[in-house]
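Trainee: What follows is a structure written as structure tokens; I'll ask about it next.
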Ligand SMILES: O=C(O)COP(=O)(O)O
Ligand SMILES: [Mg+2]
């Protein structure tokens, strides 16, 4: 049942794409689940389910850490433990990052099709850069992109439009000539605030919410479907 592709309108006059990483290009949930459970074990806490871990992904590492210990502690207790928890998270994620991460179906084909169309290509993720770049290298994604911005590249991250606006500026494109492709409300809100178009994939991590409830110019089953909906003319 992928009738959504048939119903979607082609986006014309698009010269650049901004592609999200976690939940859009890479299924990273297992790495993140293992990492937060190792962090929790070090803090004397029991494991969380994969589903719970997934529901915390999308607003960057610091939010993931806060939410993951917020299961057991009040907001003020979380802040007391935050620094230690973040250091543990980082230590374990350096070990685990990329171990189980896999590209979703159609990712390489979609990125290649976008490249063949002559689109300018950037990756914007809320994942910190120290984890983003090795992960993209390991999974063969890095070379598709002229620009990669992470959650710590600027003062603000998605859903703030700062990263997307910087990409538009770097490319010399008006935001209306750029489409953001992502799996979550953070991508959509950032795109709308920047004035970019937005396409969503339904298979990622939208905080446990249906992607159909997110403001979007279309829901596409794969990045290859997204490429088919983007036209430079
Ligand atoms: O690090 C996260 O929270 C998710 O990153 P994303 O922006 O690539 O989905
Ligand atoms: Mg994402």
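Each Cβ is built from the backbone N, Cα and C atoms, and glycine gets one as well.
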Trainee: Record says 20, 22 bind Mg(2+). Source is TrEMBL. Which of 152, 160, 170, 183 does it list for that same site?
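Mentor: Looking at 152, 160, 170, 183, the one TrEMBL places in the Mg(2+) site next to 20, 22 is 183.
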Trainee: Between residue 20 (active site, nucleophile) and residue 183 (Mg(2+) binding site), what is the CA-CA distance rounded to a whole number of Å?
Mentor: 7
Trainee: Helix, strand or coil: which one is residue 20 (active site, nucleophile) in, per DSSP?
Mentor: coil
